[in-house]
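J.: Pasting in a structure now, in structure tokens, and then I'll have a few things to ask.
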Amino acid sequence: MSVLCYNKGCGQRFDPDKNSDDACTYHPGVPVFHDALKGWSCCKRRTTDFSDFLSIAGCTKGPHNQEKPSEPVKPEVKSSVDKNVNDGKPKFNECITQAPKPLESIQRPSPDEPFSSLQQKISPSLEQALEKLTLTEENAQEIKEEDSDEIKIGTSCKNGGCSKTFSGPASDEETCLYHAGVPIFHEGMKYWSCCKRKTSDFNTFLSQEGCTQGKHQWKKKDTGKKVVPCRFDWHQTGSQVIISIYAKNSVPELSSVEGNSTVLKIHIIFEGEKEFEQQISLWGVIDASRSLVNMMATKIEVVLKKAEPMSWARLDLPPVAPPKEKEKDVDSEDEFSTPKENKTLEYLPPQQVPQIPRAQPTVEGFQS
């Protein structure tokens with residue numbers, strides 16, 4: 001006589017007299033349905049099709065089970081509201097909640113307050129990157145060639161967007177078409193900050209013709225540190241403002257971030273010879289003593305502690321526009337004041353005003 005096995009994932013019939021310890025292959029876990037994926041908690045296989053889920057082979061061996069699992073007992077729902085027999089109306093516990101008192105706004109401090117350096121925290125990834133960052137022989141040879149006055153044939157132009165190479169003294173007479181800005185890669189689009197012709201294809205971006213005319217630059221202008229722009233963005237939480245500066249392999253010993261309650265000064269040295277400087281007049285007020293700088297291998301995060309829990313509309317405070325000069329009202333001048341000279345009109349004395357001849361009337365019998 002065969003009976004049905006109630007192990008999950010089995011569903012076969014078996015003979016109880018021939019039920020060995022490894023006769024059944026089943027799932028000891030429970031079904032898991034999450035984000036359109038179906039599977040068992042005891043194994044890692046997942047599928048989106050329900051038929052495939054039912055056909056997933058068991059992951060555990062054991063004897064068949066002929067005992068039908070008991071149905072889960074539904075919990076009894078007890079009403080917490082006692083009804084009054086006399087009036088039949090429910091009674092509720094009265095609870096009064098008061099709104100919190102509004103916070104007093106902080107008066108904006110002066111931007112001339114003394115600056116203090118924000119605490120630095122160096123990540124292990126940056127420490128490992130700085131240890132591996134050594135000057136190779138190829139880079140050293142390239143620097144020696146750039147320091148020499150001789151320009152070799154085939155040297156490429158250092159201006160952005162120019163693909164010309166040096167072929168002789170005649171190359172110095174050519175007009176260089178280059179991009180004076182910096183390349184920007186944002187949300188899949190690639191463009192130059194100077195002309196902003198956006199494209200999603202990298203080869204098309206490289207082949208964009210320059211928007212500025214000038215002379216070829218066969219050597220790098222700066223032999224030391226170069227001030228370059230860095231892409232940075234910001235986001236905020238209820239109590240913090242986080243500024244992310246995307247600069248790789250920053251040097252903590254040469255970098256600093258200083259600030260007071262309303263102004264932030266950022267000075268970053270990264271990749272050995274590049275320098276980034278930025279001064280931001282903050283939109284809100286911060287607590288510089290509780291702010292810090294997280295320095296990582298790929299970026300720097302400046303974590304600013306808000307002085308008051310409020311949402312910032314933007315990161316920087318827009319500059320105050322100069323007041324416009326009030327135009328003098330002509331009608332408000334005194335009636336007896338001397339009128340100003342009007343250069344657009346030319347007045348003629350009565351003697352010089354041309355007289356328009358009038359037609360003489362004719363009377364019948366008389367000459368006009």
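Including glycine, each Cβ sits where the backbone N, Cα and C put it.
Grabbed the feature section from TrEMBL, which reads as follows:
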- 5-64: domain 'CHORD' (DOMAIN)
- 61-84: region 'Disordered' (REGION)
- 64-84: compositional bias 'Basic and acidic residues' (COMPBIAS)
- 99-118: region 'Disordered' (REGION)
- 157-216: domain 'CHORD' (DOMAIN)
- 227-316: domain 'CS' (DOMAIN)
- 315-368: region 'Disordered' (REGION)
J.: Write out how many residues of the domain 'CHORD' (5-64) are helix, how many strand and how many coil, based on DSSP.
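T.: Secondary-structure breakdown of the domain 'CHORD' (5-64): 8 helix, 18 strand, 34 coil.
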J.: Across the domain 'CHORD' (5-64), what does the pLDDT come to on average, as a whole number?
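T.: Mean pLDDT, the domain 'CHORD' (5-64): 85.
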